[in-house]
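Over in TrEMBL, the protein carries these features:
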- A:36-56: transmembrane segment (TRANSMEM)
- A:37-321: domain 'ABC transmembrane type-1' (DOMAIN)
- A:76-101: transmembrane segment (TRANSMEM)
- A:153-172: transmembrane segment (TRANSMEM)
- A:178-197: transmembrane segment (TRANSMEM)
- A:262-286: transmembrane segment (TRANSMEM)
- A:298-316: transmembrane segment (TRANSMEM)
- A:352-576: domain 'ABC transporter' (DOMAIN)
């Protein structure tokens, strides 16, 4: 889009509420809820095995206190319980991890698949106003955040909750008064958690931001290595990366300091709790309500809660971010896909008629005013005009991206028969063949090569190390802007549409291949209705009709020869364009 | 940056604001991986040594905790069963209570600061090793062979460097863990010789068993994770191409393809998780069985009156405390060493890459002598173009020449002129000296052969225009150059000075990027400027303005424009079009 899309809007993409997140997850668990119950049961049992050891040691202490010289019969039961708990803990840890992976990882895979499908299905005008930034961030950061954190955090939440409950129950069984010591730690943990959630996220975010700046500087430098070499920017870029890298060192250390303090506070709480439980135990012992075995069991039981609670605290900040990430992912998934389907008048011959169409992005500034236009099936129309004259907007309206603010557009082309190629040529991470076959999944390599040949780009695979199977895109083999434009044209050709809109589709291509590009454009527009926006006037000249626009209005239209005769704006443009060409003809 | 400014101190051992200026790391690309690991450890030894000493203290203190609890049970709790009054145990209660406080304090501080020092060691060496790798990649002499994918280089400069430095973990944590285990053995020996001996004999066996159980599982887990496609990155890439996908109505195809990627990633993740689950299960069961065995042995001794109940409690506590160091030791020694060696190898492979033969020249010319009068500044003598035809031409000082070549020919000529490729046949001479004989940096100071892709870097538009060489070029010249390139201030969101772009400059349109890159080349003001299709993304009218302004601006300097654009042909002194009118000249 000209002008408007370059502004980065803060996305109006929705964020799901906690309730919507819960409802969506519950729905996704349909048919797996029994498994969820089984999983929680495994965690409960795993937490239960943890209390066996302290209780048995406590009973051993009392058994020792009451026997002298011989091993009592009860000992063999205690031995069996210890060994059984150890083996059970191993089996439960194994089974729990597997069950959790199956459930959580599958749900996360479905979440990211639903997200991609929903994001790609968002109405185009949403993306035209919001920009792709927000949907991309949600795809990368939020999906990664949820995928990394949730499978890790869920068992910690479950196990530490169960451990607290089971230890609480066991302590109550020994003597409810032990709970005083245990209860003392809970507000301390809560305070620690509050401190951590207030301090840590900003530091972690700064750490990630520093890491990302460094990564961008490195990747940016490596991607633009030819420029770095030509302009002798090696030292400058190295210094820049070095400074960014040192910032990551500083933030990594601050992150570590925060974690160290969290450990310090958890450790202090542990000490206070142990003191309290021992104090209660000693008091009970001297009031004859507890045996030494009970006191031992209580102390060891308390110590059992420390590791799971610490593990939980350490992921709480990530868990918080993961829940926010879920809100952003599900916000898009739950977004109703309401694409304004272009009105079809029955037949599919590529006929488009605009009746007195006006358009405005913001409701007040008119971008298009009172445009009436009939494009015949198979006709190729060029839109010519200065930046901001409304040509891209007109093309977007004809392609059905925006509904007109006033007036009416009749189209005899179904939406899936309209193909738009813009200057924005994204090279997808994958092979060259995958990039092409996106438009026609069933195409084999021969068909793809044919399409490249038609658009004059058969040299692209030939120049790559593995031909059509070369990995391109982010981190892959770099493609020139020209090659990317050629790929876009080939893709449009493979899609075989009834109406094709080329909005500066060849702007990034090399002028060295002008003839090839004009040829490619002609090959692509041949036999279908076409709308061409190109600053290369030679492309406009070969269209059936040229429409010249200014300030959202059509100021002149006709074919190339007719417009030259009128000596209007187009004739002036053409004179400027062709002066170099004429001289060149003289030179040869 | 959150609530903490860059100047606030977050805690002890926080690194200084400015990056260190001294190099601690010695590297020789011919070394073996193990030798590089040794050098990494030696490079940051003060932090590593301090860190591991503190962690040794932590390991000992951790084992003393059950001893103190056992003493409290023996001296304070147990007497209650014998009917002793509370008053008579207040002395031991105070002493052992204080001991418990002391032990907790030591555990707390030694772990925090030991870990922190070790982590700084890792960060510090990572910082330097990564710079070393990037310095090699950015060496003006270049690297031999085809251009490498940026992603692969990035992986070595960040991922492999990090993993190579993880070797430090082998020196930071294991000493503390080993000493902790030895302390446990000594404590148990002191309680009863048989317990100590039993643990000393059984412990290595348990460690070896856990290692053996871990090897296949860990190997599988690492492999699965390495082969795991990053599902989030693929999702982001697809969504970033939203307009392209919607333009060709391929959203269903794209979503379907993503499902395949996502399911493959899921299979990989599950396989890795299952492997880890197996390892976790085995190590949990083994460690707990070992602890149970120690307690059972102690209980038998206690039943026969050879141990007090407090000692039994201590043994139980020690047995549980053994698990942590044991787990850590198995994990650290087994994984980190293997991981670090494989990555150190990849780092060394990159560092030892030979230089590009085109960048080996040493001729620096006579810098005091201006080139002004030289008849032929540049002479291209039978240079073989990729399609096999030969290019012959000379360019005199001060000329403005257009050469019309196909893309592959343009690239070859710019590569040769910027010391990145050696001609297969023929010669290219600058001042009568073959370009590959020139020192690459000197050559690039004299000849700026701009690549066609407009590579911008993070910073303002003006900063980008001034970016050539080590120091920013003159600001006024850059402003003039931006005007020559027909980029007006009003066209940018915040003018030349305040419009910021990220690396790649994707915030601006292709035409704007291209004109900034052109302005940068004009600002550099080299003796010979070689431009490749500098206005391909600019509209026809503006292109003509640029061509005319550039022609005027470059008067007295030499300029070659590789293009077929009519605008440049119109203003050129001379057109060299070897492909027009039959055979190349």
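The backbone N, Cα and C atoms fix where each Cβ goes, and this holds for glycine too.
No curator has checked TrEMBL annotations; they are predicted automatically.
Mean pLDDT for the domain 'ABC transporter' (A:352-576) in the predicted structure: 86. Distant neighbours of the transmembrane segment (A:36-56): 29, 78, 81-82, 84-85, 88-89, 92-93, 95-96, 99-100, 103, 155, 158-159, 162-163, 165-167, 170, 296-297, 300-301, 303-304, 308; these residues of the same chain sit at least 6 beyond its ends, with a Cβ under 8 Å from one of its Cβ atoms. Counted over residue pairs 6 or more apart, the CB atoms of the transmembrane segment (A:178-197) and the transmembrane segment (A:298-316) come under 8 Å in at least three pairs, which marks the two as touching.
Between the transmembrane segment (A:298-316) and the transmembrane segment (A:76-101) there are fewer than 3 Cβ pairs closer than 8 Å, counting only residues 6 or more apart in sequence, so the two stretches are not in contact.
A Cβ distance under 8 Å defines the sequence-distant neighbours of the transmembrane segment (A:153-172), meaning residues of its chain 6+ beyond its ends; these are 40, 43-44, 46-48, 50-51, 54-55, 96-97, 100, 104, 178-179, 182, 297-298, 301-302, 304-305, 308-309, 311-312, 315, 318-319, 322. Distant neighbours of the transmembrane segment (A:262-286): 175, 177-178, 180-182, 184-185, 188-189, 192, 195-196, 200, 292, 294-295, 298-299, 302-303, 306, 309-310, 313-314; these residues of the same chain sit at least 6 beyond its ends, with a Cβ under 8 Å from one of its Cβ atoms.
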